[in-house]
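Enquirer: Before I ask anything, let me first share the structure, which is written out below as structure tokens.
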Amino acid sequence: MSVRVVARIRPLLDTENDRDIIVRADRADEGKPLTIVKIPSPKNGAEEFSFAFNGVYDQSTTQEELFTAEVAPHIKALFQGLDVTIFAYGVTGTGKTHTMRGGLKLAERGVIPRLLSNVFRRGKKIAKDSNGETTVQVALSYYEIYNDKVFDLLEPPEKRTPSGLPLREKDGKTVVVGLSERSCEDLKDFEKLYIEANTNRVTAATKLNAHSSRSHAILRVKVTQISGDMIRESTASAIDLAGSEDNRRTDNGKERLIESAAINKSLFVLSQCIDAISRGDKRIPYRESKMTRILSLGQNNGITIMILNLAPLRSYHLDTLSSLNVSSRAKRIEVREIENEIVFKQPPRTNSGLGGANIQRQPLRPLNNAHNVHTGAIAAKAAEKAAEKAADKPAKAFNVYTDKSSKPILPPSRATMPIANSSQVRQVLGNKRASEPSELSARPTKLVRPSQTSLPRVVPQTMSQPGSQTLSISAEQIEAMVEKKVAEILASRAAATADPAPAQAQSALSENQISEEVRKRLEALERRIDSDGQDARSEGLRYLLQAKQAKERGDEETALRFYELAQPYFPGQEKLKMKIDRLRAKLAAKDGGDIPAMEAQKPRKHRLPKVKEVENEDEYDGTEADVDDESFVDRKPARAKAAKKKAVKGPESDDGPASPRTRQLLDIVNSRNLALIRGLSGFGTKKAQDLVDHLNLRDGEGEADIASLSQLRMLPGMGSRTVERAYEGLAV
Ligand SMILES: Nc1ncnc2c1ncn2[C@@H]1O[C@H](COP(=O)(O)OP(=O)(O)OP(=O)(O)O)[C@@H](O)[C@H]1O
């Protein structure tokens with residue numbers, strides 16, 4: 001089944017005026033359910049765009065109607081062993097939290113409390129119908145992803161470590177290592193835990209001078225059915241994503257931009273994943289952000305429902321178009337519906353392999369079920385009781401009331417109709433980046449303006465990971481870079497948003513364009529990067545990897561965005577800068593010069609000799625191939641200079657024929673044979689692996705073998721000393 005994508009248009013708030021309504025729900029045919037969202041073109045109000053969804057819920061839709069139509073039908077499947085994921089996507093203030101969490105009153109309860117209520121009710125029924133032979137246990141995990149770091153919300157904020165909890169792949173699923181899990185007997189238990197956890201979320205956010213809605217919140221409800229020695233586990237995940245708004249249209253200060261960059265990055269990666277899946281690419285960039293790793297859209301077996309929340313107002317116009325574009329593509333994602341199999345109780349394992357102080361253990365699963373068992377423990381009844389004292393209530397806390405049986409309501413637009421064809425989705429804009437009417441900034445925001453001091457505190461979290469080589473960068477520089485970078489990213493994002501044509505044109509470019517070989521190499525590099533942990537260099541490399549992949553598919557706008565994201569990690573690197581400049585100029589030439597003026601006018605100087613001098617913009621075509629993308633990685637300007645200097649008086653000059661020893665060294669290097677390279681003097685496994693990865697990357701770009709020692713010295717992680725040691729260590 002495809003990911004089911006439904007849109008929900010929220011009603012007007014008291015302060016909003018119905019004159020400003022521009023988004024409306026519609027149906028494909030008279031008498032059919034609502035499946036279409038209509039919105040005018042920002043450039044020409046007379047023109048209207050239509051986006052088709054599996055279901056559309058208009059302003060009058062109640063919480064109960066939405067739940068009954070979209071979530072309740074899947075509770076049965078959950079108990080049959082299928083995992084269910086429900087996530088809310090949309091701009092800040094469009095009703096994601098209202099939809100997922102809801103309000104205080106019974107009728108205002110959102111998807112999450114209703115889901116729990118239904119789960120408990122069904123669990124009780126199963127136990128009763130089986131005369132107590134089957135017991136149903138419910139356990140909760142609740143965590144947030146803030147600035148691409150995972151924090152347990154069932155633990156008090158004081159217990160957080162700056163780097164958050166790590167993720168691991170286990171049996172084909174992404175698990176959060178060390179995440180706590182609490183058993184939950186009934187709705188009251190749940191209410192207490194949930195309120196306490198949301199208080200933790202607000203407290204933690206306040207400490208950072210941020211707003212809790214700037215993180216993605218993930219509630220995981222694990223249902224374990226035990227019958228004799230048989231166990232069946234399944235999980236319902238309810239995810240309230242952070243707002244996907246464009247910062248140019250909010251009153252975000254510079255400080256918030258760092259945080260926004262993390263949100264934008266994860267949501268951008270999400271949209272990249274959606275694009276890649278809908279194009280049928282083999283490689284989906286899940287690993288580029290924690291949120292997408294956890295969400296694993298289209299990878300997880302089970303049922304996925306994406307709720308796109310929309311505000312009907314003009315002040316959200318461009319953001320609404322952007323989110324409509326992303327989510328309407330998500331419909332094409334196919335999800336395998338595979339039940340989690342029943343497993344049998346076995347003696348507990350002594351070591352699960354996953355560390356972490358809080359990790360719970362679970363019974364050993366038979367290996368033949370390993371592909372779909374859940375990790376994480378069945379939280380024992382003796383699980384830690386929630387702290388008695390709930391401090392300040394969260395801003396949007398709600399009460400869960402005992403469940404009253406409610407009249408089932410027919411789904412207003414439970415559409416099983418096939419997705420409308422793409423012709424129904426109108427092209428939105430031309431190529432030019434949309435300028436914003438001034439009224440677009442008028443919408444309310446929930447963002448808290450932080451103090452000036454928050455920037456240096458937040459930035460080093462990202463930049464100062466172990467292994468980072470970019471620490472010399474000052475807070476001011478970062479601030480300037482971030483400001484510039486975000487402005488640029490958002491400018492190009494708006495352009496992409498305003499014009500879905502390139503994305504659709506891209507879908508015509510098949511993934512065959514990335515050869516199998518290149519894909520393998522990229523994946524190898526990705527794994528390598530991943531194993532490097534979270535250091536800033538890895539982060540930079542990830543962006544470079546993304547950029548290269550985008551370039552491979554001919555998506556230069558995306559490539560540019562990723563190169564720009566990578567830039568702060570490789571400060572002072574002329575090659576990268578030139579690459580960015582060139583791409584900008586090239587795109588500007590395509591777009592008729594409509595790029596941020598400050599960039600378009602940049603003088604092109606300090607070119608490295610290797611790069612072809614460019615006289616006019618036409619000549620940019622084809623100049624990419626002669627630039628080694630990653631040659632700046634691991635290299636500070638001073639170091640590059642030193643390497644150059646040494647190249648002249650190295651083991652041997654590159655002039656004239658290579659000596660036998662040089663030949664021998666180059667042969668070993670060019671063999672790409674890990675064992676041989678590791679055998680070189682001064683090479684450890686990591687260095688050897690880095691070199692092989694890099695050579696593979698060069699291959700993917702059609703670059704020739706390493707022909708000289710000076711060329712070798714210029715490779716990432718090499719340098720003169722390494723080359724000298726390897727050279728000296730060779731017996732001729
Ligand atoms: N369907 C609805 N009915 C009534 N009020 C709604 C509805 N949807 C949203 N609202 C109201 O709109 C406001 C914004 O909603 P909410 O906070 O849920 O947005 P959000 O998308 O979660 O924003 P953020 O990304 O900042 O968390 C709230 O006051 C909420 O009560």
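Each residue, glycine too, has its Cβ placed from N, Cα and C.
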Enquirer: Which is it, of 340-367, 508-535, that TrEMBL names as coiled coil?
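Expert: Range annotated as coiled coil by TrEMBL: 508-535.
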Enquirer: Provide the number of Cβ atoms within 10 Å of the Cβ of Lys96 (ATP binding site), excluding the reference atom itself.
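Expert: Within a 10 Å radius of the Cβ of Lys96 (ATP binding site) lie 28 other Cβ atoms.
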Enquirer: Of these binding-site residues, Gly90, Gly93, Gly95, which scores lowest on Cβ atoms within 10 Å?
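Expert: It is Gly95 that, of the binding-site residues Gly90, Gly93, Gly95, has the fewest other Cβ atoms within 10 Å.
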Enquirer: Could you tally the C-beta atoms, other than its own, that fall within 10 angstroms of the C-beta of Thr92 (ATP binding site)?
Expert: 24
